[in-house]
Structures are given as structure tokens and as C-alpha cells.
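Student: Below are the features listed in Swiss-Prot for this protein:
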- 1-31: region 'Disordered' (REGION)
- 120-167: repeat 'WD 1' (REPEAT)
- 172-215: repeat 'WD 2' (REPEAT)
- 218-257: repeat 'WD 3' (REPEAT)
- 265-303: repeat 'WD 4' (REPEAT)
- 307-346: repeat 'WD 5' (REPEAT)
- 390-429: repeat 'WD 6' (REPEAT)
- 473-512: repeat 'WD 7' (REPEAT)
- 519-558: repeat 'WD 8' (REPEAT)
- 631-663: repeat 'WD 9' (REPEAT)
Amino acid sequence: DGRPRTSPRGGSASGKRFQKEPQHNAASHSTYNQEEGYVRIYLRGRPVTNYLPSDVEDYDINAKHPAPTEKLKLDWVYGYRGRDCRCNLYLLPTGEIVYFMAAVVILYNVEEQNQRHYMGHNDDVKSIAVHPDSVTIATGQVAGHDAAEGKPHVRIWSSITLETLHVIGLGFFDRAVCSLSFSKVNVGVNLAAVDESNEHVLSLWDWKKEKKICDTKSSQDPVLACEFHPMNDEQIITLGKGHIHFWNTAGGKLVKKSGIFEKYDKPKFMLSLAFTGNGDVITGDSNGNMYIWGKGNTRISQAVLGAHEGGIFSLCVMNDGQILSGGGKDKKVVLWTADYQQSETTQVPEATGPVRTLCKGKGENFYVGTTRNAILSGDMGGDFTTLVQAHTEELWGLALHPTQGMFLTCGYDKNVILWDFEQHTQRWNKFMEDGCQSAGFHPSGEVVAIGMTSGRWVALDVESGDLYTVHTDGKEQHDIIRYSPNGEYLAVASHDNYIYIYSVKETGRKYSKVGRCSGHSSFVTHIDWSADSTKLQSNSGDYELLFWDAETCKQIVGSKETRDIEWATFTGVLGYPVCGIWPEGSDGTDVNTTARSGNGNILATGDDFGKISLFRYPVNHPKADCNSFKGHSSHVTSVAFNEDSTKLISTGGRDMSCMQWSVV
């Protein structure tokens, strides 16, 4: 897909449960055996046999399978990308704050509690700039999955209509666009961009004409910021690892002068910059020093040494000329007078992490984006409100409450979060001892089970998040954890190829082991319970579809016994009702997750390319048509419908995001 993706668990897997092998076309080899009553598809060369229910008559394998009428509309994005991006939080005159997560740019009106979304990108957004008109916005993205459209580029769009106005740089940028800035004086006709190629190429564009004016190699080292001077359109400043460069753009060329540190310590990283009202440049660095570079000068005219303990990740000049600085290590926000005297100090909360970026709000208020993917609003009084907070590492665990408007997510960051559908807020957030992989609510809605990456699993009280019980099965992650519909059994499907079965008493407060289902030759990827709570079906990493008796933990073989089982849920990727979900050229690992809607009309799937697709259920013809929706940038790890099938929640793996959609 154009860029190496490294697994968070080491190795260069695609950051997910499955290793990629040579591709094999799933759909084109499908066959139908009328006598035996099965459809056979091939995944990576392996036959997968799907038995038809006995009441299916006149089955035609070549019949068209139309897409459903239902579509998805994005309602809410949980999360903000502060962990590895910077300068990515702005306040618009509409009262909306604008920032990004995954492939979505979010315009969030805090007062009215609503979000709008710019959906033009097809992979991770890495950079953003707001035009001097405060309406036009430029956003830059990484190299994507799609060979044709997936090249890194910049999209320029209206924050009022959300229409795309211009697309620039397709085929020019390398890897990703990491920094953007509009010119300020000449009504913002120019746009500067830095990419993540080895040379970190700086380019200058006439964005309305979609024309490049000039470009140059800026630095072998990472570039962390790029800004036009607000009083001089012929000057651009870039800074990063071990450097600050002052660029002159006169005559359509980019000419570089490096900043000279003279008697001052040259820091390992220049981290942040801002401009004062008189045109001086202020920089913050990894040593915690603030340097002031006189207007039009490449030498330090003044220094504030030890302004922070550790790096200064952000600088922001307020409307009255005072300066805010935000610290990484010390988590402090410091207010400085216009002549660099320390005026006030406050600290952001420990739980939300260090300052990544600062943005001025109304009056004396300001917004803080943090390295733990949170956004806060507050003032120097230290009274901070958390507006956005979600996960900070890869995310797989998702469960929807059976009766109330709540859902739960859990991830490798060890956080378990219970969310409110309507309010888009956290009911509680519990920090566990191990990374979390999976979750499932007891049908009573009073208890939720969490599967860990360590082989442990726990049961928590839904109301309070308090721990009821801890169990250990094997030493590997528990990929799925699911209660039977009657609440009397719990199945724990593990990466060690086993499914552990427990009997459940006292609505999920007491557990005793029944046994384990042994028979898979690879790790278990999906499980579903039968409607009568007596049987299970399971998928594995090498495309086995097996059936089990819950009471005895014995495998059920023979198509007659299994073809007519009614399943309480359908979340697997193998079987007759889903044999058409595999796209042309699929290798069997592309689809990570499925969910049948409560009304049984549609099936949602989440794939490796950030797409959520809706199919008409059952998806019983190869190459079925579907409606697909983008928003996630990494593999979609989980999808789930609420009880009345009006909403869908999706989680992205490495994009760390969680999205709430309306089914329309």
C-alpha cells in the first residue's frame, strides 16, 4: 500500500491479527454444488465450504446481489490526533474548533454540541492550515491505499459549505504532507507545504491556479513546523531537528538562511514558533528555552532560558500581545508578558497528557491539544474542561449495551471507556493492568467482560466500572469474548487456538469453567452463539468454520446438524450468509469484522482499507454489491449496530479512532 506499516507488537505485519501472504482471488473461483447443497469459495487458495440452509430453493450462484438502500451518515468522531501531529487545532469564527482524526477533518461546535465533517480525504490527515479569511482550509494527507487516488496531496476546502475547492500536489509530494501555511499579507494567495520525503521538500504553490511556483530540498532532518511571516510574504520559516531556516521567496525561488545560535545552546530539536505583533519570531525548543529572533534577522536578539522543564511544544500569541507557552515534560502552560516576563503558570491534568498544541479561544480562554489525543478548554486559572478524549493506541475492543444508549471501547493503551451515545461523553474510563483486545456485555446489561492481550480476562460492573472477577486462560490475547443470549455461558476465544467456555451465575458476577473447545489449527478470529444458547460457530486465522456444543465443548461435524442453526448474532467472515462479502482479488484477511443489524436486513463489514461496507443480508452471492463509506484510515477493527439498527459504531485499529454513524 505504498508505505511500510509496522505492527505495534513488533514485526512488520500490517498491524493486525493476520499476516499477509500472496494474494489469491476469492470471488472468481466460487462453485455451487446443488446435490450437496453448498457454495464453495476460495480464500488464498483454500476452499471454504458454506452449506445452504435446507429451506433455500432455486439458488443461483451467478445471481446479482444488489446493494441495500441503507447508507451511513457520520454523526460523531471520538478522538483527536495529537500523539504524532502538531499545529492541528484552530478556532473558527463560527465558534467551531477544527482538528483531525484518521481521514476526517472535524469541525466541532462545543457550545451547540455538534460536529460537522470534511470527508474529502481517503487516508490519514497529517497537517492543516487556516487561510487569513478564516473560512478556507488546507489539509494534507499521507500516501493511501488506492494506487490512483492514494498519493499524498493537499485539499483546499470551504469550512462553510465543506466543498472541495482545489486539490494540489498529486504525484509531487512523497509519503505525507506534514506541514502547511497560507501566506498572510497578499490575501493568502500562496500556500507553503513540507512533505515527509528524505529531503523534506519545501514547496510554494499558487493554490487557486493549482500551480507550483517553486520547490527545494529543505533538510535531511525532520521538519516540525513551517510558517509564512505574517508581515512579509517573501519570508517562510521552517524548523525541526537541529535547525531553524529563514527562506526568502523573492523572484520565484526559495533561498535559505540558517538561524545562528552564537553563544546560545543549539538544541536537539526546535519545536515551536510564533510571531509577535512587531514581527519578531519566538521559538521554543527541546531544552526548554525560548529564543527571540528580531524581525528580518537570523540571530537571537533575546533569550528566555529554562522557560520550561523539558521541551516547549507550542507557542501562541494572545490577542493582547501576551504569549502562551506549552510544555511537554512539565505539562505546564505559562503566560508571558509582551516583554517576556513570566506572568502566570498553570498545569494541564495528568490524565490527559502533555501539551501538544495551543490555540487561542475567546477572551482569555484557550484550547489545548495534548499528546494523549485529548482536547481541553481552559484559562490560566487552571480550570480545564476535557472536550475530546479517546484512545492513544491501537483499538480493537468494542461492545454495545443491549438496552441502553451506551457502548464500550477498549484498546492497547489499557483504557476501558464506557460512552454515552446521545451525549457523546464518557460515563467512565478505567485503566487496566494489561492491554485490552475485546469486550462483551452480559444480556442483563449489568456486567461487561473484557479480554486482555495477556491471557487474562475480567468482568466489570457496568454502572461503576468496578472489578468483579479476574481469570486467566492461556498466555495469549483473547480475540473475542461473548456471552450467550440467555446469559448462562461466556465464550472466550483466544489466540492460542482454543475457545474457553464458562458457566455464568448471578447475572455475570460468578463464573465456573465448563471446558475448552479444541480443534482449530489457528487462532480464533470470530465467534457467534446460536439463538438457543446451546451452540457456537467460530472462524480461525486459516479460514476454518467450526461448530461446537457449548455444554460439552465438543465439535459438531456434519452439515445436517449445522446448516439450519439460527444464530443470535452474525459477526463472522465465513459461512453461507456472508460468502459474498469478499471482494475481487481478496486474500482472506481484508475483511476484519462484520455485524448483522438487529432487524436482520443488512450486514456491515470493516476492512483493511479503512472502509465500512453495507450489504443486503444474507450476503449469499459471490461478488455482492455494497455501499462503502470512508472515514477510518487504518484497518477497521470492529463494527456493531445498536439494538434498533439505527446507529453503527466503528473502531479503527492504528488510527485509534471511534466513529458513530446513523443508518439512513
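Placement of Cβ uses the backbone N, Cα and C atoms for every residue, glycine included.
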Student: When secondary structure is assigned with DSSP, how many helix, strand and coil residues does the repeat 'WD 3' (218-257) contain?
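Tutor: Secondary-structure breakdown of the repeat 'WD 3' (218-257): 3 helix, 26 strand, 11 coil.
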Student: Could you pull out which residues elsewhere in the chain have a CB under 8 Å from any CB of the repeat 'WD 5' (307-346), counting only those six or more residues past its ends?
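Tutor: Sequence-remote neighbours of the repeat 'WD 5' (307-346) are 86-87, 269, 271-277, 282-290, 292, 353-360, 364, 366, 368, 371, 378, 380-382.
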Student: So what pLDDT does the repeat 'WD 5' (307-346) average out to?
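Tutor: PLDDT averaged over the stretch: 97.
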Student: What are the helix, strand and coil residue counts for the repeat 'WD 7' (473-512) according to DSSP?
Tutor: 3 helix, 22 strand, 15 coil
Student: Is the repeat 'WD 3' (218-257) in contact with the repeat 'WD 4' (265-303), using three or more Cβ pairs under 8 angstroms as the rule and ignoring pairs under 6 apart in sequence?
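Tutor: Output yes: the repeat 'WD 4' (265-303) sits against the repeat 'WD 3' (218-257).
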Student: Using DSSP, how many residues in the repeat 'WD 5' (307-346) fall into helix, strand and coil?
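Tutor: With helix first, then strand, then coil, the repeat 'WD 5' (307-346) has 0 helix, 21 strand, 19 coil.
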Student: What is the three-state DSSP composition of the repeat 'WD 4' (265-303), stated as helix, strand and coil residue counts?
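Tutor: Looking at the repeat 'WD 4' (265-303) with DSSP, the answer is 0 helix, 21 strand, 18 coil.
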Student: By Cβ distance under 8 Å, which residues at least 6 away from the ends of the repeat 'WD 9' (631-663) in the same chain are close to it?
Tutor: 5, 8, 14-16, 70-79, 81, 83, 101-104, 117, 119, 123-125, 142, 144, 373, 390-400, 402-403, 405, 407, 409, 411, 419, 421, 424, 592-599, 601-602, 604-612
